[in-house]
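Contents: one structure, followed by commentary.
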Amino acid sequence: MKAYPLSFRPVFQERIWGGSRLREFGYSGASDGIGEAWVISDHDHGPTPVADGPLAGKRLSEVMKANPEWFGLPPGARFPLLVKVIDASEDLSVQVHPDDRYARPRGDAGKTEAWFVLFAEPGASIVYGHRAQTREDFEKRMKEGAWGNLLVKVPVRAGDFFYVPAGTLHAIGRGLLILEIQQSSDTTYRVYDYDRVGADGRKRDLHVKEALAVTRCPSPKPQRPGYARSGRVGAVIEHLVRGEVFTIDHWLVDGEARVDECGVFRLISVIQGSGEVVWDHGRRSVAKGDHLLLPAVLHPVVLSGRFEALFSAPVISTRAK
């Protein structure tokens, strides 16, 4: 079978803080109260089936088994990334995610993630990190409920980008629509949830012991723009992340731009504009809200049009199975 760019049917996840803004980003099937659209995923909690072409209806693990050369991953590896769009009409819980070393023995991957802010209401903010310098101080302030003195709030606006390594205390605030690229994991340790109750009328569980074990002390600080840039015919590229588990680049396409080979699959998330993806035996239109997987063996690939997109790819050399 000839390789082609894969698109997927999103899986919608209800959340108590979910809103209605996903429809404005092209997800017409999202009802009120949907907090997350998982748009590229092979996680068991929400695998996204291939939407079209000869592989329509297949999940990524099936495609990987039949066409391993499309992905460039080590033998036996699981699909390493998950892409979602998050619609927060209320504050998300203050939480933290473990790294691979802590999560793997417990049945899941670690969770390093990155956020691109698609929309922000005036005054919107996130929690990124804490003020405690030691684990003992962190535990003391957490048990005292001294959240105002502990949590670091950061104002945000559309177009902001944040890299959130595993172990970083964080929360997405109300009034934000965020594109999240992360490791394929659904492990979250909730630290503070504003004393609200879930659909069952009970307060949601907190995970204090686990959070104390994995939270970084002192905390990482958010990185602001100042990223390396490179140019090529038809595009300006900003290198947002060169991390241990994935890379992310921001592409601004204006004309025709060639995509270099990199030996591993890439994910494209279109955040503004429209255009085409062209390869040796086909072409397809793309527009705001589209997400594609470019197989590693699909080259040359040319992007045309005027659009803005995030490119993400796994880092193979340091990624555990």
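The backbone N, Cα and C atoms fix where each Cβ goes, glycine too.
These numbers come from a predicted model, not from an experiment.
Helix, strand and coil counts under DSSP for the domain 'Phosphomannose isomerase type I catalytic' (9-103) come to 19 helix, 28 strand, 48 coil. What TrEMBL lists as domain 'Phosphomannose isomerase type I catalytic' is 9-103.
Long-range Cβ contacts of Glu113 (Zn(2+) binding site) within its own chain (separation 6+, distance under 8 Å): His97, Val164, Glu180, Ile181, Gln182, Gln183. According to its DSSP assignment, Glu113 (Zn(2+) binding site) is in a strand. What TrEMBL lists as Zn(2+) binding site is His97, Glu113, His170.
With a 10 A radius on its CB, Arg190 (active site) counts 18 other CB atoms from all the protein chains. Annotation comment: TrEMBL describes Arg190 as active site.
The domain 'Mannose-6-phosphate isomerase cupin' annotation in TrEMBL covers 238-312.
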*Largest tally of Cβ atoms lying within 10 Å of a Cβ, found at which of the binding-site residues His97, His170*: His97
*Just the number: how many Å between the Cα atoms of Arg190 (active site) and His170 (Zn(2+) binding site)?*
10
*So what's the average pLDDT for the domain 'Mannose-6-phosphate isomerase cupin' (238-312)?*
96
*Secondary structure at Arg190 (active site), reduced by DSSP to three states*: strand
